[in-house]
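What Swiss-Prot annotates here:
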- CYS379: active site, nucleophile (ACT_SITE)
- HIS515: active site (ACT_SITE)
- GLU517: active site (ACT_SITE)
- SER14, LYS187, THR188, LYS189, PRO190, THR191, GLN192, LYS223: UTP binding site (BINDING)
- SER14, ASP147, ILE148, GLU149, LYS187, THR188, LYS189, PRO190, THR191, GLN192, LYS223: CTP binding site (BINDING)
- SER15, LEU16, GLY17, LYS18, GLY19, ILE20, ASP72, LYS239, ASP240, VAL241: ATP binding site (BINDING)
- ASP72, GLU140: Mg(2+) binding site (BINDING)
- GLY352, LEU380, GLY381, MET382, GLN383, GLU403, ARG470: L-glutamine binding site (BINDING)
- 291-542: domain 'Glutamine amidotransferase type-1' (DOMAIN)
- 1-266: region 'Amidoligase domain' (REGION)
Amino acid sequence: MATNYIFVTGGVVSSLGKGIAAASLASILEARGLNVTIMKLDPYINVDPGTMSPTQHGEVFVTQDGAETDLDLGHYERFIRSKMSKANNFTSGKIYSEVLRKERRGDYLGATIQVIPHITNEIKARVIEGGKGRDVVIVEVGGTVGDIESLPFLEALRQLAVDVGREKTLFMHLTLVPYIPTAGEVKTKPTQHSVKELLSIGIQPDVLICRSDRTIPANERKKIALFCNVPERAVISLKDVDSIYRIPELLKSQALDSFVCDRFRLECPEADLSEWEQVLYRQANPTGEVTIGMVGKYVELPDAYKSVNEALKHAGLTSRLSVNIKYIDSQDIETKGTELLDGLDAILVPGGFGYRGVEGKIRTAQYARENNIPYLGICLGMQIALIEYARNVAGLTEANSSEFDPACSQPVIGLITEWQDESGNVETRTDKSDLGGTMRLGAQQCHLIEGTKAREIYGAEAIVERHRHRYEVNNVLLPTIEAAGLKVSGVSADRKLVEIIEVPNHPWFIAAQFHPEFTSTPRDGHPLFAGFVAAAKAYQDSRKA
């Protein structure tokens, strides 16, 4: 079967939820037996989000093959079974870098390099490559129609629709239909102007997803259909809902999936959304509530920890618990003390980079360890837990990470300077290397030690988890820390790197170098987060007893 393409754009304002809408449609089509993937095209000039500020851009989502991508790819993986890869996300910066590399290499035979055709051809080639072997590929274009940055992407998709045939392409446009309280009605004019903007660059939308805080009345949908030149059945009302996992059913109830299948002439069974119904039932009927403190350095923007937030909620679904997340700035722990941690059922310290707020995180780990509060450390959250244990239990009072103190006399965490790639080539990396090139990225195998809590939680000897870090546990000082009681419960495939640590004489104190949040989904959850939330409930019950 030839690949069919759905191009998703947004208009009027940003943050309408293009990624959620695209992922929700993909989940319905997947439930109909189709092989679906989703791509995100980001117009910004950065090569990838890897070095962008989490407080501006949100989290960096890491794929199985080690790509540092937009957080929307996390949404995609949480909604569909198909896994994302490097091919599923690219930016203007990546496109321009590749075109300039080809120009320097002489691939264009001295031609004058222009946006059309060279940039647009590169975009089209990547979209086609990313969709190979799929029944449907949904392509989301970041930003808002009318932005200067997105014009080459929209032009490339317009051309691609001509190249592959309009019968194999569908343009889906999200717009805002605001409700004006003083008028007592929704207004369609912003949608009409947004479609006019699209038409000016040669794109006629086939489907309009109309975002509003309420269901859009039938007469207003007819008006939108008339003035925007789309079938009435292709004007979809997408109101605000209490859970993003309700959106697949909302789209299916308006037969969007049927419209898509009819358009592409796809013969496939009706979608079975019973798994999503179960998710919504568990979400709506919790048997209790736990409060988990997330102590981080980017807490002013919760999207900086998007996958962690979602993984905690997924674990709540598994345990039939409502998870209340209390965000605490680790710098506040340094200035106001650990009193900010009082009353929590569990504590989580997520990943991060740089020295700011680190001592607050170390004090947080100490507080959790000494007060028998369930603790989950992720990436940096593991490293600071190790530093805390080394200082306060193992007697290594000068323990630190060379990331925070390069002259540290007891660097229990250090930079690995020699890395071996899949081909066996050794690459030297130092603190002077480009930031994007010094990471241990993507899925790595981890072996779990018999008799540990980690082995019990996972129920397996070997697991695969995703990494994003450049510093590791220093094996030279590790024996001293282990002799003081800390247990290494997970190691890398070659048994050389520490992946998981735990405190044996603590009810639940586990920290991992990898990022388990990237593989958690609402339908399946993740064993580490499920165990953590269950431990939070047990701790809560013990305090009430």
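Glycine residues also receive a Cβ, built from the backbone N, Cα and C atoms like all the rest.
Looking only at the recorded positions GLU140, CYS379, ARG470, the one with its C-alpha closest to PRO190 (UTP binding site) is GLU140. Sequence-distant contacts of THR191 (UTP binding site), defined as residues of its own chain at least six apart whose C-beta falls under 8 angstroms from its C-beta, comprise GLY11, VAL12, THR175, LEU176, VAL177, LEU208, CYS210, ILE224, CYS228. Here the binding-site residues are GLY17, PRO190, GLY352, and the one with the most other Cβ atoms within 10 Å of its Cβ is GLY352. Mapped onto three states, the DSSP output places GLU140 (Mg(2+) binding site) in strand. Nearest Cα neighbour of GLU140 (Mg(2+) binding site) among the listed recorded positions (LYS187, GLY352, CYS379, LEU380, ARG470): LYS187. Neighbour density around each Cβ, counted as other Cβ atoms within 10 Å, peaks among the binding-site residues LYS189, ARG470 at ARG470. Note on proximity: among GLY19, ASP72, MET382, GLU403, HIS515, the recorded positions of the record, the Cα nearest LYS187 (UTP binding site) is that of GLY19. Counting only same-chain residues six or more apart in sequence, none has a Cβ lying under 8 angstroms from the Cβ of SER15 (ATP binding site). Using a 10 Å Cα-Cα cut-off around HIS515 (active site), the recorded positions GLY17, LYS223, ASP240, CYS379 reduce to CYS379. LYS189 (UTP binding site) falls within a helix when secondary structure is assigned with DSSP. Rounded to a whole number, the distance between the Cα atoms of SER14 (UTP binding site) and GLN383 (L-glutamine binding site) is 37 Å.
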